[in-house]
Amino acid sequence: MAGNFWQSSHNQQWILDKQDLVRERQHDLAILTEEEYQKIFIFFSSVIQTLGEQLKLRQQVIATATVYFKRFYARNSLKCIDPLLLAPTCIFLASKVEEFGVISNSRLISTCQTVIKNKFGYAYTQEFPYRTNHILECEFYLLENLDCCLIVYQPYRPLLQLVQDIGHEEQLLTLAWRIVNDSLRTDVCLLYPPYQIAIGCLGIACVILQKDQKSWFAELNVDLEKIQEIARYVMNLFELWKTYDEKKEIQALLGDPIVKNTTLKTPLDEDYYLSYDYEISSNSSSKDIKPDSLILPNPENMELNSPASAVDVLPDIELPDDSLADPDLKDHNCIDNIMYVYYGGNGKNTKSYGTGIIIIGSVMSCAAQLLTLFCVLLKKYYKGRKISMMLIVVHIYLTMFLSNLIFMLGVYSTKNSENCLLIAILINIFHHHTAIWIFLYCLYIYKKFCRTWVSVIFKNINWYTLITHLLPPLITITTYYAIPKSFETKKFCFKSMHRGMILNFMIPICVLLILTTIYAISAMIKIENLEVAKLDYHYQSESLQALNTQQTQDLESLKDKKDESISYVDEELQSLKATRNCLKSLCVMQLMFVLNWFITPVALDASHDATELPYLQSTTSMLLNWFVFYKRKTLLPLIDYAVEECSEQEKLDDDLPSSSATEVVSITSSDSIPLLKSDDSATELKEFCCNYDLKDCANDYNNISSQVIGEEYNDTPIIGVLSQETYIISSYFPNATYDSYIAASYVKYLESAGARVVPIWIGQNEDYYRRVVQYTNGLFFPGGGTYFNETGGYGEAATQLYKIALEYNNKGVYYPVWGTCLGMQVLMYAALSGIKDIRVDCNLRNVAVPLDFVEDYKKSRMFRNAPQDIIDILKQQNTTYNLHRYCLTKSVLKENDLLDEWKILTTNKDINGFEFISAMEHKDFPFYGIQFHPEKNQFEFKRNKGFPHTFNSIKVAQYFANFFVNECRKNGNSFSNEVVEADSLIYNFNPKYTGLKSGYYEQLYVFLKEDFERHQMN
């Protein structure tokens, strides 16, 4: 139990002295021996334990009930109250205090009857004689004798901490826990603090299990004499058990007059005891109280001035009408006050329909919120969306649901002011959470289109999450400490309408509303500009394309390409429009949410007197939540990646010299090209265009546009290339043994596009692979031949690297990964966490083929900005070289649920007509895979292998190299220092010439384990 034990009533009032305890028991010990007295308490402790187990209570509740039982009789004689009645009463009270929940009266009585009859029939020949009214009366008498000190600190929590400190052992903990349970049958819970009891029981357990912990106990800063006393109490209990035959002895002990209840009178009508609305006309101490109205000690058996038989009486004081004291406490005695704390007022101030209207509105809103959450979490909703976007949206819906759920269940829980305050604070925190998440969603979308200081500060989605989780508690707690009464706890549990509204609501919400509006409008303006730019770019490209194709293609072919281009532009425009609608919906949602938040405390304040404002509050709440449900798709737009790239165009245009910018603009408009005008003064340009083919001009235009649209952070990217086992090249080196290799053609291929290469070793630990990703700007998984399930091999290394790259991209760090042939296959192996190889057999070797593009390939990152002549070459000419015996198919990806994340771009068929995937990419992250080998077009020259070396085959190879290296330029990672960088580059190794061998490679980089150890990037 949380709290300060040393300041608690347990420590200050209920750690008793041995002499005081003996003195209080002297009346009982005059008739019973000490041993008999202990046996009676052992028996009733067993009764409480059995009742608790039958009621399925937690051990904490049972232990608290046992302590209540022992505390009561520490100040009262056994003849005061029948222990058989007090035992279930203690359980009834403990279940409330320990927040287990109030036990049903009928269930408690039936359980007592069953347990007494079946378990303890040897002690009681008759059935359980008491009913609900007896337990309710006894409960208030118990409360009075306990001085309402109900918090009990048990030894269980310190025991767990102590065992953990020793070194957690299940056997030791189990035995010590049982000994703690046994200690409840002794007086140690009345004499010693719980932590000392835990140490004493732990010491006994160590002795029994023969564990030598003397040094550990010696280091404890405790009074070891008290620990030994506790141990003696428990050991004496064990000794007593050896000779105690409960079934034979207990009936005789219970038959003693001291244990019999002589105070129980003939029960009154049970309905009388179920409420406390009876009136005591005067609070004078001279007023007679009927002896059968409460189960009190029999005056015949008690001293006249015994404090146990006294009933405290409130002074007869007339409270003023404006008194802050609760008027329900007027004219009641002490026991009635306790009953008020438990069960509230006497029902004179009944609630109007307003409270019910508010709750009904919350229930209807909760239904909309649950439906929204269910729909959004369906796979079809988050398919294709950014994980960071889904995270924000789910947080918005979840915080709205939690705040409404707490509001619905606890807004009128005013019986306990502390619990009510906690509910009010939690509701306020979740309301702030929702408002801030809505604002940050606008900011997130704004960041996608407007690169400002926001992009620098909020590169990572974790920043959003951290700020949003910290601000609401900070605002709420600050307000609470600045204005302690800023939360209402008397009428309802919510922020107060009269105090703290400016600091707790007005200031932060006004700031959020203003910022949300500013960023949303700025983003919408930017999106509208992008829509215009997209249309303008499309029509300008169409003009140049017409010039490029009018000499080589007929009008029908041009029409087909135009339709395809328009379709792609329409998709992008639809994405932009959806994003604009999302921002509008967010602004409306924020405004409705704040309005409902403001109306709620006003409606709660008026709910007892009128229904107009509760109706308004319920209506706005339902409108808000059903509006969110209706707009659930609108709030999750598919922001196309091209949009994110195009958002950089203005920034890069600003970086260009003004003259260059003018030239680009002049080129993009066909009306401004002098060649198309009748002006004879454009002689030089005419002569230039005669010597420079229009097709090349169009290609140059496409390249310029691609560069302007691109997003380059790093002009000198470094790419990690994964090495692999030497199975297929070991025959090249019969007199040497190497541990891994990389074909030099892959290194040259990347270097030809402007990148540098670092080799990545296989068989390393996770820290090494994390350094690789941290220092490099992209990963390249080359082709070759090896097994994926080798320990410390290519497949295991690729899986670890893929996992880390995925983490980086999930956090908002743009980190590309490329796989060629075997590398593409290992991407799928890594995507399945390295537990399943889904490759299938197919055969296509030593042959170059054209690609079969899927219908919407133009929407892909890989081909969306590809020049048309590159697409035509790939479609029509044998330029993609294949050398593989395994492949991936659409069906195996579908079977393994990979098509939800990966998009197929092109396919081909092997020599048997079996269709396989030849190019693919991840839908959300810059991960790419191709089955063919563009690097061999440029850098492998073995004869009779079918390598294509035509001009166009080199051109497409360069396109793929340039595309991936340009992707890596978007990553800003770098080495810790230049020394580590220089030591890691592949320039530290010399390739070996293997052109004279009968293989496929001209050169190979081969490595030893000593190389692994020398170059660890640290």
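Even glycines carry a Cβ here, placed using N, Cα and C.
Because TrEMBL annotations are produced automatically, they should be read as predictions rather than curated entries.
Taken verbatim from TrEMBL:
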- 354-524: domain 'G-protein coupled receptors family 2 profile 2' (DOMAIN)
- 356-378: transmembrane segment (TRANSMEM)
- 390-409: transmembrane segment (TRANSMEM)
- 421-443: transmembrane segment (TRANSMEM)
- 503-525: transmembrane segment (TRANSMEM)
- C821: active site, nucleophile (ACT_SITE)
- H933: active site (ACT_SITE)
- H933: active site, proton donor (ACT_SITE)
On the domain 'G-protein coupled receptors family 2 profile 2' (354-524), the mean of the pLDDT values is 83
Which residues, given as numbers and ranges, are at least 6 beyond the ends of the transmembrane segment (356-378) yet have a Cβ under 8 Å from it?
390, 393-394, 397-398, 400-401, 404-405, 407-408, 411-412, 603-604, 607, 611, 614-615, 617-619, 621-622, 624-626, 628-629, 632, 636
Residues outside the transmembrane segment (421-443) whose C-beta sits under 8 Å from one of its C-beta atoms, at least 6 past its ends, are 392-393, 395-396, 399-400, 402-403, 406-407, 410-411, 413, 454, 458, 464, 467-469, 471-473, 475-477, 480, 487-489, 493-495, 504, 508-509, 512, 515-516, 519-520, 523, 583, 586-587, 589-590, 593-594, 597
Which sequence-distant residues neighbour the transmembrane segment (390-409)? Criterion: at least 6 residues beyond either end, Cβ under 8 Å.
359, 362-363, 365-366, 369-370, 372-373, 376-377, 382, 423, 426-427, 430-431, 433-434, 437-438, 440-441, 444, 461, 464-465, 468, 494, 593, 600, 621, 625, 628, 635-636
Give me the Cα-Cα distance between the residue listed as 'active site' and C821 (active site, nucleophile), rounded to a whole Å.
7
Hey, does DSSP put H933 (active site) in a helix, a strand, or just coil?
coil
